[in-house]
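Asks: Pasting the feature list from TrEMBL:
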| type | residues | note |
| --- | --- | --- |
| DOMAIN | 372-440 | domain 'Protein-glutamine gamma-glutamyltransferase-like C-terminal' |
| TRANSMEM | 7-28 | transmembrane segment |
| TRANSMEM | 34-54 | transmembrane segment |
| TRANSMEM | 66-86 | transmembrane segment |
| TRANSMEM | 115-132 | transmembrane segment |
| TRANSMEM | 138-158 | transmembrane segment |
| TRANSMEM | 179-199 | transmembrane segment |
| TRANSMEM | 317-337 | transmembrane segment |
Amino acid sequence: MSPPLTYTPVYLGLFASLLLAVCCNAYLDIGYGGFATETLLWGLLFGLTLWCGWRQRGRASEQSRKWQKGVMGLGIFLFVFLFLRVWGLPRAGIYLLAFLQASCNCVTTTRRQLYLGLLVALVMAIFASSHYRADWTMLFYLLPLVIAVVFTLAAEQINRRAEEIRSLSLEQKMFGGQAAAITSATLSILILGAVFYLITPQTSWLYLSSSYGLPAAIGVAHEGQLEHGQQGGGQGKDGKGNDGLGGMEPIRSRWLTPAEMRQAAQRIGMPHWQSATILTMADITEALQRQFAPIRQAFEDWWEAIKKWLQQHFVKVIGTLLALMWMALAIGLFLLLREARAGIWLRTRFDYWRYAVFGLHSSGREGVRQFYGAVERLFALHGEARPETRNTREYLRRMDLVRPALRPELLAITLLFEYSRYGVAPPDLEQIQAMRERYRRIFRVLSE
């Protein structure tokens with residue numbers, strides 16, 4: 001059964017996610033006006049339905065189910081008589097999906113329903129971002145949507161874990177610590193995601209469209225004109241116009257120029273705060289370009305010098321890189337063999353064939369020492385090495401607990417080893433042969 005949902009910040013995050021997703025779709029018609037009114041109506045709808053779900057405190061009631069049916073009926077009515085006539089398919093289907101999610105908000109009382117709501121928000125955002133009218137200015141709503149989704153997931157997970165801890169303890173609720181944990185988790189996820197985005201190559205939508213026949217997507221066109229400052233008549237280095245075919249390469253799109261930003265800020269119907277923000281970005285970008293122009297030129301000169309040096313010493317550079325590669329492979333192989341204990345494994349097999357099979361061991365005290373060292377290496381191979389600070393009796397007591405089946409053999413080998421070290425007469429041949437048989441049995445038991 002899915003856990004109940006009662007944490008208020010989770011509902012706030014779901015509200016922000018759904019509202020921003022609808023804003024992305026309403027932004028497609030921003031040139032016709034009515035963006036603020038449409039956003040306000042959707043905000044009231046999602047706010048009322050999520051307030052209804054929040055009041056249930058983890059258990060849906062009959063009143064909330066009546067609300068759900070009413071909102072669903074209103075959505076179907078508007079879909080048939082308004083959405084289909086104004087937008088047609090598939091835009092009308094997206095708004096119907098938003099109404100169905102609003103009806104589900106009335107009974108959103110479990111974690112599963114929360115995840116379903118976030119999934120609906122992502123579907124609406126993906127649809128809006130793949131529309132031919134979408135461009136980079138939609139990022140003002142897409143980026144907050146990503147932040148809201150990550151915040152909602154982090155808040156739900158941390159709150160659920162905190163509730164589990166409270167149910168097993170007598171601690172009181174500490175909202176401050178929980179809020180700090182949610183904030184830290186959200187920032188960590190967003191920073192890691194941004195870093196991975198920056199270090200991975202991003203393929204252009206226009207390149208995919210021209211190469212694989214995909215429909216025009218985000219940032220391609222707006223009201224019949226190319227966005228990002230690219231005109232179809234421009235001449236590239238190869239004499240072809242940059243119309244999305246000859247002049248487009250599968251690399252990350254370049255940063256917008258201040259002129260392109262100011263042109264985008266003049267779009268009809270754009271909110272004043274967004275237009276002012278874009279103009280501020282254009283001014284800052286222009287100022288930074290003037291300040292960093294000498295530094296950029298210096299880096300370009302250094303890069304050209306490095307490329308010339310690489311061309312002159314190409315063979316030496318390749319040889320050095322190959323040598324470093326082989327060195328790295330050798331170090332990795334050495335570390336792998338050390339981790340796998342390949343050296344001690346080969347040594348134990350060599351000991352067995354030398355001492356137990358062919359009998360190439362010494363006589364007297366030296367033979368006993370050889371067999372005892374071989375036994376120590378066997379146990380070291382299995383993670384039971386004898387520490388330097390532990391004597392033979394202490395090691396024997398340890399092995400009695402770990403390997404009780406080998407206690408007779410270990411006791412006899414330990415006693416004979418101590419006798420050979422402290423005794424007057426050296427061990428005879430019969431004692432050496434007995435130690436050899438005990439070593440053979442220990443080897444076979446540990447090898448099973």
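The backbone N, Cα and C atoms fix where each Cβ goes, glycine too.
A quick note: this is a predicted structure, and the numbers were derived from the prediction, not measured.
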Asks: Checking distant contacts: for the transmembrane segment (7-28), what same-chain residues at least six beyond its ends satisfy Cβ-Cβ under 8 A?
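Replies: Residues packing against the transmembrane segment (7-28) from afar: 35, 38-39, 42-43, 46-47, 50, 53-54, 91, 94-95, 98, 101-102, 105, 108, 114, 117-118, 120-122, 124-125, 127-129, 131, 133-134, 137-138, 141-142, 144-145, 148-149, 151-152, 155-156, 159, 182.
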Asks: Near the transmembrane segment (179-199), which residues from the same chain, at least 6 beyond its ends, have a CB less than 8 A from one of its CBs?
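Replies: For the transmembrane segment (179-199), the sequence-distant neighbours (Cβ-Cβ under 8 Å, at least 6 residues beyond its ends) are 9, 146-147, 150-151, 154-155, 157-158.
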Asks: Please give the sequence-distant neighbours of the transmembrane segment (66-86): residues at least 6 beyond its ends with Cβ less than 8 Å from one of its Cβ atoms.
Replies: 45, 49, 52, 92, 95-96, 99-100, 102-104, 106-107
